[in-house]
């Protein structure tokens, strides 16, 4: 085949199709391949010797003595098995053939003179008589004919004379001698030859005659009959033989019938196909049928390796398959048809020749001859493709190295940000720590728009909080810590561990953390309504202006701190209680947050000894002097928050008369001592509040702000008292009596009378009981710097 330069783009397209060809090849097992030869005869699939190596029993070959193959179900010796296209014609719809030995029919050759022979019957099998077979009769004065086929009269007549010229052949042809012109089958036999009018007088009726078995609809039943006519010239019955064969070249008038009878067999060519009762096998071949192939485009035909055609033999449907033009191999194996490299040889075994100035290029199913100009174009295209592959390779390598570098950095950050310490803490607290999710840095960057400034919710001494949205739709608060040195990583890990231990409705929930970034990051549940400081000290028109809501908030805070101090798995000191760390949700429910400086202590310890940390106005003055932080230090900070709720003032105020800057706690204690409480009471809560109730809370706040920690009530006591105050009925008369003689260093008794039915006494622990606490109160623990 020769193509000009206009097919350049077709070549490129075909080369592309090579890359997308299905590479799946279902091959027989190694055991089947090693047993695919019997003697010197190849046994191709669907035929096979061992079980599992043949399609079904019709194709089973019995190899006797490892030398002689037999068609097991038919009991016939096999001479050769060929696949479609093995003849070299490479016709995609030719049939496979199997040559077998059949008995010779004779009369007058045996001692009893009886006729021998049998009817050959292949009904319901995948085998039929091929169109390359001929009826050969040898002897004198007889007629040989075929039976069980249409037309019914098929045969030839034998006469013996001294001269060939005086007696023409009496052959009665069934088809024309050549077997091509009247063929009605949709395929051609590999043994079909054209009649060129040559003189074929070697077996012409004088002692030998031939009738071609042609133009039949693939007969499966054939018998042979020999009829003698001696015309009374002899009383002795001479030997005569007749048989079907696919090879007539050895026979001539000189052949002796007794010699042929002694041979006892002749070879006949049988065509074989595949029964289509079960289409699963044919469909598994992925071959196109002839109709699909004929309707396909040229490029599709080039990459179609095999074709199957449906035929009907004796009323039964069969299929025969073959490798398409430009392919060779076994069409009955998936992927068994392979492309022929026409630049080395074509389907006829010859090498394709291009001009010396051209280059032969093999293509799927064909080839092309490329001229010099086209070659330059192809070189250019190939070079461009190579450069593209190089660029893509460099890009991929760069991406791989970058990803590897980022992975290495993430591991470095994980270690630097305390990942190993966190794992150790989580393992130490196993069973007490709820499983914390580890977020990837990419996930948090996506959730916060790369930590956009527009997503900032607030900033503090420990870091910046961003609003984010996870892929599952949850809104979260992402706390990105400030850059810290390794000496301060313990505080960050401490916050993760502490929050993992806490499970309380009034404590903000930790969802997870990320340690892959340069600075550590925490992910909390999002609390949408801001913090308590904003609601108290900034102009707003909401429920926090009412005393009932403020009292409810105070109870919630006290409940959370009481849980941290006594109900958690181990006591936890918050160490930074302030109104900005009290968050409110959309229903004004309280959430205590920011545990960066929190500490967890064992049950037999009552304090931490550490470097001073906290927020001005909230820090326990006793903590300043001793550096020992106890649960009563949290009580003091809570007392300041109570005063904020009562007065509406900030924790550090400027006295209007003297312009003196004073802590709110000191200002409150002075006002209470001078009985000026109602002067400092927030005007926004006066309307609608119960003064006795407010006074009861004020006295409780005063006790929380006692300068001596041991005289302050514990958080559980504070929580209980606030719940009782909140539970007082609106029509109840609440009377507060306080020992005015008690100084700031002593604890008085506060009595709250509610109606006539119940009396509640709120009392601090006696000094003698407080003094009897464990000696561990003064045992210093390991100090550590804070993030403040």
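Any Cβ shown, glycine's included, is placed from N, Cα and C.
Per Swiss-Prot, the residue from the list 121, 450 bearing the note N-linked glycosylation site is 121. Within the set 6, 80, Swiss-Prot records N-linked glycosylation site at 80. From the options 376-396, 397-417, 418-438, the stretch Swiss-Prot describes as transmembrane segment is 376-396. Residue 615 (phosphothreonine) carries neither a helix nor a strand DSSP state and counts as coil. Across the region 'Atypical EGF-like' (306-369), DSSP classifies residues as 0 helix, 31 strand, 33 coil.
Residue 615 (phosphothreonine) has 576 as its nearest neighbour among the recorded positions 524, 576, 623, going by CA to CA distance.
In this structure the alpha carbons, written CA, of residue 623 (phosphotyrosine) and residue 576 (active site, proton acceptor) are 13 Å apart. Here the Cα atom of residue 524 (phosphotyrosine) is found 18 Å from that of residue 576 (active site, proton acceptor). The DSSP secondary structure for residue 576 (active site, proton acceptor) is coil.
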